[in-house]
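Asks: Before I ask anything, let me first share the structure, which is written out below as structure tokens.
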Amino acid sequence: MSQAAETLDGWYSLHLFYAVDWPTLRLVPDEDRIQIVQEFHDFLDKLASVRDDHNGDHALYNITGQKADILLWVLRPEMQELNSIELALNKLRIADYLVPTYSYVSIIELSNYLAGKSDEDPYENPHVKARLYPELPHSDYICFYPMNKRRNETYNWYMLSMEERQKLMYDHGMIGRKYAGKIKQFITGSVGFDDYEWGVTLFAQDPLQFKKIVYEMRFDETTARYGDFGSFFVGHVLPEETLETFFRI
């Protein structure tokens with residue numbers, strides 16, 4: 001049996017995608033709509049309060065295209081906290097006008113494919129901790145997609161030796177390093193949590209960088225032979241102070 005990769009696991013992750021029911025929201029009187037949006041704003045302020053204690057983070061984005069209008073990405077130390085947050089959101093009046101279109105449950109993950117040998121506790125390494133328990137960059141643009149490692153009769157990632165996988169992941173990672181300073185990447189593991197094995201969340205100031213890195217990686221052996229992908233979601237940051245304008249009709 002091939003050796004399984006070990007992982008370092010950080011905060012639990014929940015991507016929530018919603019479409020806005022604009023026809024129904026249009027029937028709401030302006031005064032009521034303003035109160036509904038303010039209640040949503042207060043909810044987001046409460047989510048943000050954990051940042052000061054470094055107990056999680058969240059990001060809010062306006063998704064481009066018809067797959068969704070809004071993405072709320074939440075990170076917390078415990079999965080149960082994600083349940084509580086989603087429940088609280090569902091109880092808000094704004095939820096009457098938000099139609100769930102997709103969600104993704106996972107956990108911030110680092111693998112040991114590229115790790116060197118050390119007796120150090122990785123969870124005490126400041127660089128590792130910053131990646132497992134991140135402060136999100138809130139860049140202008142976001143891209144999210146789920147993915148699997150292919151396993152079929154021709155190409156099966158899980159039948160490769162650890163050495164083969166390490167070599168492939170090293171080459172794969174070298175492409176990613178070319179985009180340092182242009183793209184911030186977060187990998188979340190979802191085996192046993194959701195329909196795919198990983199989620200990939202990218203942040204950038206220029207959305208064209210998403211196209212460039214994904215296209216370049218198509219020619220990498222790790223992706224070309226062993227990568228299967230779900231839907232891609234891309235969007236622009238939705239500052240909370242602009243919510244009233246966003247929901248105004």
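Heads up, residue numbers simply count up from 1 along the chain you see.
Just so it is clear, glycine is given a Cβ too, placed from its N, Cα and C backbone atoms.
For Tyr145, the entry in Swiss-Prot reads active site, with the evidence type sequence analysis. Under the heading Fe-coproporphyrin III binding site, Swiss-Prot lists Arg131, Tyr145, Pro146, Met147, Asn148, Lys149, His172, Gln185, citing sequence analysis as support.
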Asks: If you draw a 10 Å sphere around the Cβ of Lys149 (Fe-coproporphyrin III binding site), how many other Cβ atoms fall inside it, taking every protein chain shown into account?
Replies: 19
Asks: Indicate whether Asn148 (Fe-coproporphyrin III binding site) is helix, strand or coil by DSSP.
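Replies: The residue in question, Asn148 (Fe-coproporphyrin III binding site), is strand (DSSP, three-state).
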Asks: DSSP on His172 (Fe-coproporphyrin III binding site), three-state: which is it?
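Replies: DSSP call for His172 (Fe-coproporphyrin III binding site): helix.
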Asks: Cα distance, Tyr145 (active site) to Gln185 (Fe-coproporphyrin III binding site), nearest Å?
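Replies: Between the alpha carbons of Gln185 (Fe-coproporphyrin III binding site) and Tyr145 (active site) there are 12 Å.
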Asks: With DSSP assignments reduced to helix, strand and coil, which class does Arg131 (Fe-coproporphyrin III binding site) get?
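Replies: Going by the DSSP assignment, Arg131 (Fe-coproporphyrin III binding site) falls within a helical segment, counted as helix.
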Asks: According to DSSP, which of helix, strand or coil covers Gln185 (Fe-coproporphyrin III binding site)?
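Replies: Strand, per DSSP.
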Asks: What same-chain residues, at least 6 away in sequence, bring their CB to under 8 Å of the CB of His172 (Fe-coproporphyrin III binding site)?
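Replies: Residues satisfying the criterion: Met217, Asp220, Thr222, Thr223.
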Asks: How many Å lie between the Cα of Arg131 (Fe-coproporphyrin III binding site) and the Cα of Tyr145 (active site)?
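Replies: Each residue's Cα considered, Arg131 (Fe-coproporphyrin III binding site) and Tyr145 (active site) end up 19 Å apart.
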